[in-house]
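In what follows, a structure is listed as structure tokens, so that the remarks can point back to it.
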Amino acid sequence: MRECISVHVGQAGVQMGNACWELYCLEHGIQPDGQMPSDKTIGGGDDSFTTFFCETGAGKHVPRAVFVDLEPTVIDEIRNGPYRQLFHPEQLITGKEDAANNYARGHYTIGKEIIDPVLDRIRKLSDQCTGLQGFLVFHSFGGGTGSGFTSLLMERLSVDYGKKSKLEFSIYPAPQVSTAVVEPYNSILTTHTTLEHSDCAFMVDNEAIYDICRRNLDIERPTYTNLNRLISQIVSSITASLRFDGALNVDLTEFQTNLVPYPRIHFPLATYAPVISAEKAYHEQLSVAEITNACFEPANQMVKCDPRHGKYMACCLLYRGDVVPKDVNAAIAAIKTKRSIQFVDWCPTGFKVGINYQPPTVVPGGDLAKVQRAVCMLSNTTAIAEAWARLDHKFDLMYAKRAFVHWYVGEGMEEGEFSEAREDMAALEKDYEEVGIDSYEDEDEGEE
């Protein structure tokens, strides 16, 4: 089997993990205590779900996941929550004091005390796998644990499991809503450190998700639970092809092959449709063409940026539910003709398509309507550089005055790391800019 191990780091990672595992359990008919009643066995013994769950002798299904946080309160909620029997107690690893929004604490002082137990647990999980495919790491950019500890973990995973792919699901600091003043510092330090270790990073911007919840689901004041349930649908769409048998299945390495043209340009933009409340869904058709079209609306993106200002390098459409290739081809053909989608000229307009016949599942009592079909689009576009530019600008404003830097230096970091990280980000922006330049322009320059 091609197993995946999920690692959930820090408060954001753990809470995303809660939502995701809740959804996986519903999708596979696994009860909160890990049992799978025989009448619920889907499709008469489709065992693809073993990529994410391992089965014990007693017939219990245990997620292949590790939850880590440097302080216990968030993980304690799992220990006392409805899914407490699902996880092995040693899969929930907590420290005593938190990283206090400080990258240096997560990466150096406090992180290094907890990294070995975490790696031991990951080693035990990987020993249970017959053919480990890779890791999915969930975290935020802005928090201390999410930024600092994740980058430490990614470095160590690269050493221990060099050839395995590592995908990240990262919560990008929202442009308007901020949970910490030092988010730009943490984000840039973690991006710099994990850039060479991560194979593919799906970014999710809280503000974009807030807006989707407000606009499409009519939730006036979305809570993190609302946000995480929406995020979990996206994660589920991306991983569905690993967990179910499908017509056109996509595995982890296939994502990278199709979405990442250059090692550093590995930040695809995710878009999901239809995000719709039950009241509205009843009155709408939501055909393949409609949901495919919706993916090209900036309003449905997980990161605030405008793909109309950028160019696409690759595009991957993952359908699930009642979808046939004929409809998909028609929808894509329509988009190619009428949408102003600009691809870079060195990449012919390729759309990679995955189809999975398992319809999307919704959490009972959740906000999303039960629909027959859904689509998740992953596109690698140069527009995401806008997100980096915003972050870099905020970093510059603070760093020019060396504001808050003493907290980092006090935990054993050197000031040089800041400027080094910032230079790396400048290089990343430049990389994005160069990828978007038409190749025939380069040839003219060479002749002069």
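Indices start at 1 and increase along the chain as displayed.
Cβ atoms here come from the backbone N, Cα and C positions, even for glycine.
Copied over from Swiss-Prot, here are the features:
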- 1-4: motif 'MREC motif' (MOTIF)
- Gln11, Glu71, Ser140, Gly144, Thr145, Thr179, Asn206, Asn228: GTP binding site (BINDING)
- Lys40: N6-acetyllysine (MOD_RES)
- Ser48: phosphoserine (MOD_RES)
- Glu71: Mg(2+) binding site (BINDING)
- Tyr83: 3'-nitrotyrosine (MOD_RES)
- Glu254: active site (ACT_SITE)
- Tyr432: phosphotyrosine (MOD_RES)
- Ser439: phosphoserine (MOD_RES)
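Using a 10 Å radius centred on the Cβ of Glu71 (GTP binding site) and all shown protein chains, the other Cβ atoms total 19.
Using a 10 Å Cβ-Cβ cutoff, the residue listed as 'phosphotyrosine' registers 24 neighbours. Maximum C-alpha to C-alpha distance over the listed GTP-binding residues Gln11, Glu71, Ser140, Gly144, Thr145, Thr179, Asn206, Asn228 is 22 Å.
Within the same chain, the residues at least 6 positions away from Gly144 (GTP binding site) whose Cβ sits under 8 Å from its Cβ are Gly10, Leu70, Asp98, Ala99, Ala100, Asn101, Asn102, Tyr103, Arg105, Gly106, Asn186, listed in sequence order. Packing around Asn206 (GTP binding site) is summarised by its Cβ count: 25 other Cβ atoms lie within 10 angstroms of its Cβ, all protein chains included. As a whole-number mean, the pLDDT of the motif 'MREC motif' (1-4) in this prediction is 81. Nearest Cα neighbour of Thr145 (GTP binding site) among the listed recorded positions (Tyr83, Glu254, Tyr432): Tyr83. The two recorded residues Gln11 (GTP binding site) and Tyr83 (3'-nitrotyrosine) have their Cα atoms spaced 17 Å from each other.
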